[in-house]
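Here the structure comes first, spelled out in structure tokens, and everything after it is commentary.
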Amino acid sequence: MINQTYRLVSARQFEVTYKDKVVHSDKVVVRPTHLSICAADQRYYTGSRGKEAMDKKLPMALIHEGIGKVMFDPTGTFKVGTRVVMVPNTPVEEHEVIAENYLRSSRFRSSGYDGFMQDYMFMAPDRLVELPDSINPHVAAFTELITIAVHALSRFERMAHKKRDTFGVWGDGNLGFIMTLLLKKKYPDSKVFIFGKTPYKLDHFSFVDAAYQINDIPEDVRLDHAFECVGGRGSESAIEQIIAHVHPEACVALLGVSEYPVEIETRMVLEKGITLIGSSRSGREDFARTVDFLAQYPEVVDYLETLVGGRFPVRSIEEITNAFEADLTSSWGKTVIEWEI
């Protein structure tokens, strides 16, 4: 069958390519229905990844956050019409210690390999997770982003000490919102504080115990553990503040991605015995846990609907470009594409 793939060929320029795909007996054919634009997609779209990365990875179909509908499954795993979340990480090996998202051999969609902007996806059944009909598809579109927080929390729980009375989350964006929401649900008797720089964004965090602007943090605020969800150049000052406000032997989870080297005051990390936990992306187990979590706690989905920003039905390359341009000017939430092309 002929499959159309919508690839970014240079900054702000998409083209359609046609591939003759053979339906193999071990692949499920999925029609994408709802996709969500990520900051990483925008770095490619705007060309801000730099010439070397752009030359190496383009042309490439963008987007690694999305859901779809099963159109054909020769493996018998899913019924036709089943809604599924698509897992972008594609491991080519298993390791007894290293998780699939940290294996250097793993392939990740929309990062050197074609993402979900295609007419059909041909995926192994273990790269799909069934999605209950009860979950809002516009929220489910950015399940991958939620799995990043779920994965980071699972790593934290394995490594952190048991005193978990106070948590701090730095970053008032999408990931910070999700992280604080998960912490409040996971530790209902603990206090969760959000630290950000934008007042109107902080207003969305109605469920936290306290919200602080980063230039006005009380001196006596102390935390058992913290999560950094800032990224970029701002992650350096965020980590500096975290080190100052956590108790000795705290665990600090680092989730923010920076294109630049970040300085860390290692003297105080050593003096306080702080554990830094790096966390990146996620694997199939995280997707399964996330879908189960959303199905179990529908009130969490209600909160996550706050993150749904622009909704763009897309039927042409021009409308793809319009969605990406609108996302660049959006100050809050996730842009969701209703993939009808």
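Glycine is treated like the rest: Cβ placed from N, Cα and C.
Summarising the annotation, Swiss-Prot assigns Zn(2+) binding site to C38, H64, E65, E144 and lists sequence analysis as the type of evidence.
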With the Zn(2+) site defined by C38, H64, E65, E144, which remaining residues of that chain have Cβ atoms positioned within 8 Å of the Cβ centroid?
S36, A40, D41, I63, G66, P88, S110, F142, L145
According to DSSP, which of helix, strand or coil covers E65 (Zn(2+) binding site)?
strand
According to DSSP, does E144 (Zn(2+) binding site) fall in a helix, a strand, or coil?
helix
Neighbour tally for E65 (Zn(2+) binding site), based on other Cβ positions within 10 Å of its Cβ:
29
Write out the long-range same-chain contacts of C38 (Zn(2+) binding site), meaning residues 6 or more apart in sequence whose Cβ is under 8 Å from its Cβ.
I63, H64, E65, S110, E144, L145
